[in-house]
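Undergrad: As annotated in TrEMBL:
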type	residues	note
BINDING	A:Asp12, A:Asp13, A:Ser43, A:Asn100	divalent metal cation binding site
DOMAIN	A:7-193	domain 'Survival protein SurE-like phosphatase/nucleotidase'
There are 2 protein chains.
Amino acid sequence: MPKKPLILVTNDDGITAPGIRALIQTMNTIGDVVVVAPDSPQSGMGHAITLDSTLYLERVYIDEGKQIEYNCSGTPADCVKLAISEILDRRPDLCVSGINHGSNSSINVIYSGTMSAALEAGIEGIPSIGFSLLDYNWNANFEAAQYFAKTIVQNVLKNGLASGVVLNVNFPKLEQKDIKGVRICRQAKANWVEEFDKRISPQGKAYYWLTGKFVNLDHGEDTDEWALDNGYVSIVPVQFDLTAHYCIQNLNTWNFND
Amino acid sequence: MPKKPLILVTNDDGITAPGIRALIQTMNTIGDVVVVAPDSPQSGMGHAITLDSTLYLERVYIDEGKQIEYNCSGTPADCVKLAISEILDRRPDLCVSGINHGSNSSINVIYSGTMSAALEAGIEGIPSIGFSLLDYNWNANFEAAQYFAKTIVQNVLKNGLASGVVLNVNFPKLEQKDIKGVRICRQAKANWVEEFDKRISPQGKAYYWLTGKFVNLDHGEDTDEWALDNGYVSIVPVQFDLTAHYCIQNLNTWNFND
């Protein structure tokens, strides 16, 4: 019997979030699962790592599944680093992060703790996927996401991923029968326009809440936003070499010696 | 007389760090300077944003310069968002972040609060540069960095930057006379190998400190690491469209419908 793949599961909503419980359940049908996930929500943590304080790891038993689980006091990126360095006795065959409660499409990839965990595993040379569902509800329905996550994971285990690339997968908020399929996409050129909510504390001090409006002026049919708006699962291959190679030639014409 | 450029200055080491004081001093010779920077060190914060708590802004007077300054309770990315949305009465002509105490070359760009501030401004459509000096000392010598930062800023103000691109500038730890010049580079394919320092608390509980070793197996002479090792200032054009476009064709051959 061939050896089962070793799958590391993490997220940024915290180890008890329904999204990661759904992902663990699905991964248990594919391989041997080890979970290392934050003990509290870490949304919007980007690629933060913990340099100035200590990290705790704790073996936990959350449900009846056959997975082995640890919660961690750190960020999603910390979880991946600790898992690889301190917990797993061999390199995992795959890292999956999520299923996030809420979108990580287009520019959200930059702010996303879910994707930073996936990127961290990618940096360590492990094939890696971040999954997100376009539904912020704690009691969201993850059934369709689980179905497609399984298919996508099986493809990655079979075909591998190019070095330096991880997948950013987003699921529309639809039932499985209404999802048209999977589309490989590019990241839409969209962004958040901030609208800070300014308030005055009981002590008379001004403070702000970050809110904002998502603005997408990029209507290309090859974008993740288009795919999601039109009933598809979006997959964007994401890289952590951030070099804008096409700019190098032009920048070489600048004069830095005057 | 032409209007002076409006320059937003921020960092991740905190508003009183010598690196940002040096950058403010240099920017004061070029334009009208507004500083919005964290009230405490934020190194390793990646592109974190504050979603679950409130943000404070406070007008502060730190030294005799003509800049206008605010400190902020949030992350570097929060500072940029607040500056643009709540403080500045027009769009800045430039955002500069740093000068960071320590390298943000190669993969460090992903973990860097300095670069996340620069990227945030870039996402908002503002020409933007992150500056870092390869010297972690609080009393590092920023003179050469100031000299080259001025030249680079003048080039950006004159030539502009392509939409979607910000500059990641690193300075070697050398005196100005020993720096050979400026090189446009790609991000070296290097990474950190974690070495967690595991300890036991007085209460008997295990905890970890994140430490690590920087490993660079990419010796290309077009990389930022090569430039810095060989006495040059490195400039990497960095993009926030993370799509690995070259992978899309191959992924389209996968089968998601079985």
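Positions of Cβ are set from backbone N, Cα and C atoms, glycine also.
Automated prediction, rather than curation, is the source of TrEMBL annotations.
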Undergrad: Near chain B: which of the binding-site residues A:Asp12, A:Asp13, A:Ser43, A:Asn100 have their Cβ closer than 8 Å to one of its Cβ atoms?
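TA: Going by the Cβ criterion (under 8 Å to chain B), the qualifying binding-site residues are A:Ser43.
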Undergrad: Out of A:Ser43, A:Asn100, which of the binding-site residues has the smallest number of neighbouring Cβ atoms within 10 Å?
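TA: With the binding-site residues A:Ser43, A:Asn100, fewest surrounding Cβ atoms within 10 Å: A:Ser43.
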Undergrad: Report the member of A:Asp12, A:Asp13 (the binding-site residues) whose C-beta atom has the most other C-beta atoms within 10 angstroms.
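TA: By the 10 Å Cβ neighbour count, A:Asp12 comes out on top.
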Undergrad: For the recorded divalent metal cation site formed by A:Asp12, A:Asp13, A:Ser43, A:Asn100, which further same-chain residues have Cβ atoms within 8 Å of the site's Cβ center?
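TA: Going along the sequence, the neighbours appear as A:Asn11, A:Gly14, A:Ala17, A:Gly19, A:Pro41, A:Gln42, A:Pro76, A:Gly98, A:His101, A:Gly102, A:Ser112, A:Gly113, A:Thr114.
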Undergrad: Tell me, roughly as an integer, the mean pLDDT over the domain 'Survival protein SurE-like phosphatase/nucleotidase' (A:7-193).
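TA: 94, rounded to a whole number.
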